[in-house]
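*Asks:* Have a look at this one.
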């Protein structure tokens, strides 16, 4: 967005962008939540819930697609909201987004040893202390810390190596999913009831309201748009395309798992998708291989959100909204090295705080993500009205209808986190995290932003055409 951002190299291909978004959305949830979904809504009901959720998120994704094609610059949401709403709301949007991204990054640092504990017998070694009733093991600190160092180093050394790493892991996940589906086709149990007999409105709704959070991550494409050697229109189209493929993956895993055993049995397994694979092939080894694919999902999500978080922090620093010294690009690797080192360095300490603390952080971070989505929807409508002549390589038909639908949907997503909502944040723990993050933002914005900084950023933004 500012002068230094021109030093980013356009080296990401359309495949790179696609797997970064897909890998961000396919994390650890498909391994551990499948049994709950099927138990709540049945196979058909879970599929319907995911179809409904994918449609909702695709509407938001199409809004992102138009904006990303029109303004394909580092920072994504930061640029859209700055142009439409000015510096204050741009900061609110991007700071909320950073909470969401960093929350996922620190959670994955703990999710990795948590997953290892399911796979490796006797993994929990040397309990050190407890946090919120959850034990902290030395083995978790070691594995999580090593993972944080490796992922940070990977992103530090270049966006292309990170994208190549993502491609390999996405292939592992995809092959595991295909293997599960093929096994279900040939070895799955016949269903005694008609396909739609187990569908209930309440169950479908329960699954549908969970789905937006399973698709979080498509917005890493706008964050890295300035590093993409891809036509702007295609950048925009890749966003809904990645959501669609993620939805198909989830649906395939749900269907195949449902052919292996009933939801009431799956829900009792700590890793339902792995249990389904084990049952279909009658092999504990195959089930453990599926669990390893789940670990690949942890790493793809971790990789993408570290990439997205570092670009969002870079954009804030580049605009003078947080200390400008954070906006440095590495002279050799052309990565926002200071931002990556800052986020990666903080994440190394995540295992010290235990699993429950990290659950609170990731829940609070979800609110940050949907707040950013809402501000992007507002920005879309404002830019449609204020700048009708802005070059939009991907221009949505019935744009105002899409904008209003996105506004309503994102407001609904925010409502899920409020008191009384099905995903309401826990008081005082999760709300305290949100409030402390907001307070930190106020302090940084007040200390770093000056009229001259913001005028300079505004001038440079106007020149981005």
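Each Cβ is built from the backbone N, Cα and C atoms, and glycine gets one as well.
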*Asks:* Can you identify, from 234-256, 257-279, the stretch that TrEMBL calls transmembrane segment?
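*Replies:* The listed stretch tagged transmembrane segment in TrEMBL is 234-256.
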*Asks:* Do you know which of 315-333, 429-447 TrEMBL annotates as transmembrane segment?
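*Replies:* Feature transmembrane segment in TrEMBL: residues 429-447.
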*Asks:* When each of 44-67, 234-256, 289-314, 360-384 is checked against the transmembrane segment (335-354) for Cβ pairs under 8 Å, which one has the most?
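*Replies:* Going through each listed stretch, the top one turns out to be 289-314.
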*Asks:* Tell me, please, if the transmembrane segment (88-116) and the transmembrane segment (396-417) are in contact, taking contact as 3+ Cβ pairs under 8 Å between residues separated by 6 or more positions?
*Replies:* no
*Asks:* Are the transmembrane segment (136-156) and the transmembrane segment (289-314) close enough to be called in contact, which here means at least 3 C-beta pairs under 8 A that are separated by 6 or more residues?
*Replies:* yes
*Asks:* Please give the sequence-distant neighbours of the transmembrane segment (168-187): residues at least 6 beyond its ends with Cβ less than 8 Å from one of its Cβ atoms.
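*Replies:* For the transmembrane segment (168-187), the list is 19, 22-23, 26, 249, 252-253, 255-257, 259-260, 273, 276-277, 280-281, 289-290, 292-293, 296-297, 299-300, 303.
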*Asks:* Any residues 6+ beyond the ends of the transmembrane segment (360-384) with a Cβ under 8 Å from its own?
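*Replies:* That would be 60, 63-64, 66-67, 70, 77, 80-81, 83-85, 89, 92-104, 106-107, 132, 212-213, 216, 219, 390, 399-400, 402-404, 406-407, 409-411, 413-414, 416-417, 423, 425-426, 429-431, 433-434, 437.
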*Asks:* At a threshold of under 8 Å on Cβ distances, which of 199-222, 234-256, 289-314 pairs most often with the transmembrane segment (44-67)?
*Replies:* 199-222
*Asks:* Do the transmembrane segment (234-256) and the transmembrane segment (199-222) come together with 3 or more C-beta pairs under 8 Å, pairs six or more apart in sequence?
*Replies:* yes
